[in-house]
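Undergrad: To start, I am sharing the structure in question, which I have written as structure tokens.
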Amino acid sequence: MPTITLDAISKQYSQQATAVQNVDLHIPSGDFMCLLGPSGCGKTTMLRMIAGLEHLSHGRLYIGDQLVDSPQSGCFVAPEKRGLGLVFQSYALWPHMTVEQNIEFGLRLRKLSERERRARTGEVMEKLGIAGYAKRYPSQLSGGQQQRVALARMMVLKPKVLLLDEPLSNLDASLRLEMRAELKRLHQAFDTTILFVTHDQWEAMTLATNIAVMSKGQLQQVGSPDDIYARPANRFVAEFIGNPPINQVAADTALGGRLARQPNTHMLGIRPEDIHLAPDATAHTLPAKVRGIMPTGGSWVLDMEIEGQCLQLSTQIRPQVQAGEHTYCQIQPQHVHLFDAAGSRLEHTAYHNAVPTSFMHAV
Amino acid sequence: MIGWIFTALPTKRGLQLSLKDPATLLGIGLLITFSYLILAPVISILMDAVNVNFGDSNRIGTPQGNFTLYYLERVFTSPISQRLFWQPLFNTLSVALGAMCIAMVIGGVMAWLLSRTNLWGRGWFATALIVPFMLPTWTFALAWTTLFKNRSMGGQPGWLESMGYSSPDWLAYGPVPMVLILALHYIPLVILLFGNALRRLDSQLEDSARILGASRSTVAFRIILPLMRPALMSAMVLILADALGEFAVPYILGLPVQYDTLSTSLFRAISSRQTGVASVLAGAIMVLGCITLTIDLYLMREARRFVTLGGKGAMERRRPLGVWRLPATLLAASLFVVGVVLPLMTLFLSTVMRIPGRFNLSNFTLDYWIGTNLDTIALSNGILLTPEFWSATWNSLRIVGTASICAGLLGLLVGYVVTRTPWRWLASTLRQLTFMPYLVPGIAFAAATLSLFAVQRGPVPALYGTSLILMLALIADQMPFASRAGISAMTQLGKEPEEAAQISGASWLKRMVSIIVPIQKGALVVGIVLPFISGIKGVSLFIILAVPATEVLTTYSLRLVDYNYTQAANAVVLMIALLAWGGTVLTQKLTKTGLAQGLES
């Protein structure tokens with residue numbers, strides 16, 4: 001299982017249009033890495049460059065120890081020679097071939113014997129639960145089955161690296177859940193390195209061992225799901241990950257001033273679940289007004305007004321307040337994220353020292 | 001602009017990669033091919049218009065090949081310019097405009113009746129009224145002469161004549177029958193284009209206007225008509241452009257009374273070997289064609305702005321006609337009778353009657369189809385027993401068939417290159433180059449092809465008289481349809497299926513053979529059959545480029561017209577109509593789409 005190494009790679013379509021800018025990324029062998037970002041952030045372009053369907057404009061790309069694309073040295077290894085598997089968002093099944101023929105195609109190209117082809121095709125269809133559909137055409141299958149065929153078509157070649165381009169986005173909610181579990185299982189069963197592109201943070205958080213967050217062609221942060229959620233590298237990552245989204249309060253507002261004494265240009269971020277309802281006023285609470293309550297089934301999202309700021313609060317405990325009522329909130333200072341003027345996260349220690357004593361004793 | 005240059009000029013690495021890219025290499029090959037097939041003939045004929053041609057050096061006083069304005073002056077300003085150009089231009093425009101007006105009015109009403117009302121037999125009429133468009137125009141012209149021909153022409157008299165009424169010249173020949181016949185031919189086009197637009201119109205738009213208090217007429221004039229304007233204008237322009245190049249109808253109905261149009265004038269110039277004059281005339285027809293179709297392109301772009309409206313609300317809703325239901329249905333029925341039944345019956349009856357217009361049993365015979373030892377000099381057997389007929393049929397099928405298959409394949413390849421090459425200029429140049437013959441009426445394009453291939457040029461021998469020149473001209477002429485079909489098919493397919501094969505390890509050739517072509521089988525069939533039908537019934541290319549050895553059905557039937565073998569000529573035309581109609585029905589069966597979609601794509 002090879003590692004994939006992206007060394008300062010960029011992709012420019014024209015002078016104006018830069019899709020990927022100076023990305024360094026190391027995908028360890030056997031990893032389930034997820035490229036996460038809003039649509040148009042360049043993640044699919046990255047995937048296609050790794051697959052060899054797009055050429056780099058700058059930088060170097062290695063698969064294992066082999067340099068596969070480098071404009072400087074003029075090296076370029078064609079996609080069919082990279083030994084990768086790629087599953088497209090649209091599945092791209094060949095409509096004129098049956099399921100079996102679709103899966104067999106790559107094996108035929110490798111001139112495998114009939115017996116071996118049958119064995120491998122049968123095995124992979126069995127593993128993916130589509131053995132009963134061998135003679136059907138793609139148009140006769142449901143979306144989930146087509147998805148499995150697309151996976152099977154790549155898996156049968158036993159690729160060392162499997163690239164998946166938003167493979168779940170065309171499925172309905174329940175199927176998506178099922179396939180997600182399936183992918184996780186497949187990752188272990190087939191023992192491959194998987195690179196997965198999605199714009200769905202939930203998908204990324206549940207599936208990946210590591211997440212690379214991208215925005216506007218640039219890599220924002222790489223880390224484990226927990227790490228990215230708990231310590232977002234910058235405001236973009238903090239905003240993009242989390243539902244309901246992180247609350248943001250400018251440092252120069254009344255609330256901001258109470259939470260942390262910081263230069264006016266800084267921003268504070270508070271996750272909705274880090275704001276807690278408190279029945280009574282204490283030294284550590286702030287007065288708040290409930291503007292609305294939205295049950296989401298199992299948890300509740302409350303629209304709060306605290307010190308003139310609108311914040312969202314989420315809780316697993318049924319709130320004992322009504323819309324329009326006044327109540328109190330508590331925010332643990334160590335859970336407040338702090339971002340500087342450029343949007344970068346300031347580390348906890350720096351922030352800690354800055355917490356104003358006034359807050360500790362006020363109200 | 002500067003940005004464009006940057007993208008247009010690939011970097012060194014871009015160039016290296018692109019030259020390894022099969023789509024780009026293929027594109028360069030296609031670019032060279034089409035430059036030769038399409039651009040070179042047009043340039044050649046434009047050069048002929050301003051250079052001294054073979055045999056004219058004495059008259060003009062400059063050696064052959066030198067620059068001259070002689071031909072331009074002759075066509076546009078000399079004393080005979082009136083007869084060469086201005087009168088034919090006036091005739092062409094008046095026939096085209098007349099036909100357009102009638103077709104728009106009748107076709108517009110029919111389109112509305114068919115798509116928006118509870119007319120009896122709507123579904124049936126929707127197909128039946130399209131039939132005239134599948135028939136060659138001169139089917140009607142021949143039927144007309146069969147009925148109305150008078151003593152101004154030799155040969156067998158028309159039915160009216162032999163029944164004792166002599167039809168006046170203005171009714172038998174010239175602009176009146178030409179306008180009526182072309183109008184009949186174009187009514188289906190209006191029904192298709194306008195009817196589609198009407199059907200696509202979201203009825204919620206009308207409903208919301210009605211709810212806001214607008215009266216029916218306000219809705220019609222303030223909502224529907226403005227939205228329909230692009231479709232109407234586009235139909236008008238397409239009719240104009242097509243009528244400009246119409247050759248067979250003026251040839252049959254105009255020549256007997258010296259009513260020349262630009263295309264017959266061009267034909268005369270070519271047959272009397274006035275190459276320079278012919279080149280100028282061809283150039284003039286091209287310019288007119290370009291002007292009208294540029295207008296159309298502009299209008300279609302306008303129309304696209306409206307298309308997005310559609311969606312779920314575009315529910316079909318029909319208006320009850322009330323007491324008008326019966327008269328409206330009768331109107332549609334009579335159009336069908338005049339446009340389809342009458343001409344085809346006339347033609348058919350004429351082929352089984354010895355003396356035109358005499359309806360007693362002894363006058364009927366199948367001799368003209370299957371008889372032997374007839375007393376006509378050049379055609380002693382019935383048409384089905386005449387070897388020339390079969391060799392013309394074989395030529396038609398062979399030449400048109402080969403050209404259509406080539407055009408279909410080339411169209412798919414153009415589609416492939418346009419959607420795949422990273423060189424944007426290559427894609428757009430190919431797209432425009434293959435569209436160019438659409439701007440050039442067939443007869444002018446034939447003249448252009450002749451001008452390029454009539455003599456030996458470099459390693460290419462003179463091709464005049466071979467079937468190859470016909471095939472080349474046909475391929476070029478059919479490229480607009482073929483490449484449009486190819487581009488839209490490839491755009492719909494997207495890149496992924498091919499990339500999936502590439503990732504699986506397939507080489508380019510393997511991808512083309514096992515993935516692209518099989519998937520595009522349907523589109524390929526359409527891209528071959530549609531040009532085939534239009535090629536089978538086409539006249540203008542063949543009339544210039546065919547010689548007796550390469551005679552096809554259309555030229556054969558026109559020759560029979562010239563010999564005044566009315567029955568035989570009509571029989572051949574009926575066979576062509578049968579081929580064209582059969583081919584259209586076959587396409588519809590194969591692709592499960594209406595003709596309407598085919599016309600619009």
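The backbone N, Cα and C atoms fix where each Cβ goes, and this holds for glycine too.
So TrEMBL lists the following for this protein:
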DOMAIN    B:89-299  domain 'ABC transmembrane type-1'
DOMAIN    B:393-587  domain 'ABC transmembrane type-1'
TRANSMEM  B:23-47  transmembrane segment
TRANSMEM  B:93-114  transmembrane segment
TRANSMEM  B:126-147  transmembrane segment
TRANSMEM  B:170-194  transmembrane segment
TRANSMEM  B:277-300  transmembrane segment
TRANSMEM  B:321-349  transmembrane segment
TRANSMEM  B:399-418  transmembrane segment
TRANSMEM  B:438-456  transmembrane segment
TRANSMEM  B:462-482  transmembrane segment
TRANSMEM  B:522-547  transmembrane segment
TRANSMEM  B:567-586  transmembrane segment
Undergrad: Considering pairs 6 or more residues apart, do the transmembrane segment (B:23-47) and the transmembrane segment (B:438-456) have at least three CB pairs under 8 Å?
TA: yes
Undergrad: Going along the chain, which residues at least six beyond the ends of the transmembrane segment (B:126-147) come within the CB cut-off of under 8 Å?
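TA: For the transmembrane segment (B:126-147), the list is 110, 114, 158-160, 172, 177, 181-182, 184-189, 191-192, 195, 246, 248-249, 251-253, 332, 335-336, 339-340, 342-344, 346-347, 350, 356, 533, 537, 539, 554, 558, 561, 566, 569-570, 573-574, 576-577, 580-581, 584, 595.
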Undergrad: Count the Cβ pairs between the transmembrane segment (B:522-547) and the transmembrane segment (B:438-456) that lie under 8 angstroms and are 6 or more residues apart in sequence, then report whether there are at least 3.
TA: yes
Undergrad: By Cβ distance under 8 Å, which residues at least 6 away from the ends of the transmembrane segment (B:462-482) in the same chain are close to it?
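TA: That would be 34, 37-38, 41, 395, 398-400, 402-404, 406-408, 410-412, 414, 434-438, 442, 445-446, 449-450, 453-456, 527, 530-531, 534-535, 538, 541-542, 545-547, 549-550, 552.
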Undergrad: Would you mind listing the long-range same-chain contacts of the transmembrane segment (B:277-300), meaning Cβ under 8 Å and 6+ residues beyond its ends?
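TA: Apart from its flanks, the transmembrane segment (B:277-300) reaches 42, 45-46, 48-49, 71-72, 74-76, 84-85, 89, 230, 233-234, 237-238, 240-241, 244-245, 262-263, 265-266, 269-270, 438-441, 443-444, 447-448, 451.
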Undergrad: For the transmembrane segment (B:170-194), could you work out the same-chain residues 6 or more beyond its ends whose Cβ comes under 8 Å from its Cβ atoms?
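TA: Sequence-remote neighbours of the transmembrane segment (B:170-194) are 91, 94-96, 98-100, 102-104, 106-108, 110-112, 114, 129-133, 135, 137, 140-141, 144-145, 148-150, 152, 158, 228, 231-232, 234-235, 238-239, 242-243, 246, 249-250, 253-254, 256-257, 259, 335, 338-339, 595-596, 599-600.
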